[in-house]
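J.: My questions all concern the structure below.
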Amino acid sequence: MPQWDLYVVITTKLGGGRPTLELVRGALAGGATAIQLREKELPARELVELGRAIRELTRDAGATFIVNDRLDIALAVEADGLHIGQEDLPAPVARKLLGPEKILGVSAGTTDEARQAEVDGADYLGVGSIFATGSKGDAGSPIGLEGLRAIRAAVKIPIVGIGGINPDNAAGVIAAGADGVSVISAVIGAADVAAAARRLREVVTRARGK
């Protein structure tokens, strides 16, 4: 059963010039429970090589490994699953090609999108953007905690809050119904990636009453 407490998205260009695997190791050392590889510009061959290395690191750490958007890469590197946005491969097609055993995550910013994703076979939702964020240019207007609460009431599958989340507001995201938080710059943009991940994981763990 995947644990969504701290879901760290790896996008190399936001990592301050550090090697991708260094960012992954730091996030895992700090307690990341899931890692998503989100590289929109790398050639397929490089993505496969990188994905295989991350697969090994996440397996050793007992963390879930998700690939963003690229179904072919997710299958090639034997990732645990795929995450897609509203403009990516349609969820029913992704589910059919992935098969029943792999995890399918879908981004949702409205209750209608969330309900449809659940019907289409999503295993979890990435919900947001909760707060304003500079990490994703396609994040859209923030839905706030009220938007998150509405989506939580609309679906039964796990929800990971996305967008502008940091140690100061993460507890509120959990209180509003999220099962975990997804972050990019709050962890991989930090000077000490492991320490940043550890702090966020502690906040989420306390908020969830674990």
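Just so you know, glycine gets a Cβ as well, placed from its N, Cα and C.
Heads up, here are the entries from Swiss-Prot:
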| type | residues | note |
| --- | --- | --- |
| BINDING | Gln36, Leu37, Arg38, Glu39, Lys40, Asn68, Ser107, Lys136 | 4-amino-2-methyl-5-(diphosphooxymethyl)pyrimidine binding site |
| BINDING | Asp69, Asp88 | Mg(2+) binding site |
J.: Please report how many Å separate the Cα atom of Asn68 (4-amino-2-methyl-5-(diphosphooxymethyl)pyrimidine binding site) from that of Asp88 (Mg(2+) binding site), as a whole number.
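T.: Taking the Cα atoms only, Asn68 (4-amino-2-methyl-5-(diphosphooxymethyl)pyrimidine binding site) lies 10 Å from Asp88 (Mg(2+) binding site).
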J.: Let me know the DSSP-derived helix, strand or coil state of Lys40 (4-amino-2-methyl-5-(diphosphooxymethyl)pyrimidine binding site), please.
T.: coil
J.: Using other CB atoms within 10 angstroms as the count, which residue among the binding-site residues Arg38, Lys40 scores least?
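T.: Sparsest of the binding-site residues Arg38, Lys40 by Cβ contacts within 10 Å: Lys40.
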J.: Taking the Cβ of Gln36 (4-amino-2-methyl-5-(diphosphooxymethyl)pyrimidine binding site) as reference, which residues of that chain separated by at least 6 in sequence fall under 8 Å from it?
T.: Tyr7, Val8, Val9, Ile10, Ile66, Val67, Asn68, His83, Ser182
J.: Could you state the whole-number distance in Å separating the C-alpha atoms of Lys40 (4-amino-2-methyl-5-(diphosphooxymethyl)pyrimidine binding site) and Asp88 (Mg(2+) binding site)?
T.: 12
J.: How far is it from Glu39 (4-amino-2-methyl-5-(diphosphooxymethyl)pyrimidine binding site) to Asp88 (Mg(2+) binding site), counting Cα to Cα, in Å?
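T.: Computed Cα spacing between Glu39 (4-amino-2-methyl-5-(diphosphooxymethyl)pyrimidine binding site) and Asp88 (Mg(2+) binding site) is 14 Å.
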J.: Do you know offhand how many angstrom separate Asp69 (Mg(2+) binding site) and Ser107 (4-amino-2-methyl-5-(diphosphooxymethyl)pyrimidine binding site) by C-alpha?
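T.: The separation of the Cα atoms works out to 11 Å.
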J.: What is the interatomic distance between the Cα atoms of Asp88 (Mg(2+) binding site) and Ser107 (4-amino-2-methyl-5-(diphosphooxymethyl)pyrimidine binding site), given in whole Å?
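T.: A Cα-Cα distance of 10 Å.
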J.: Could you tally the C-beta atoms, other than its own, that fall within 10 angstroms of the C-beta of Asp88 (Mg(2+) binding site)?
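T.: Other Cβ atoms found within 10 Å: 17.
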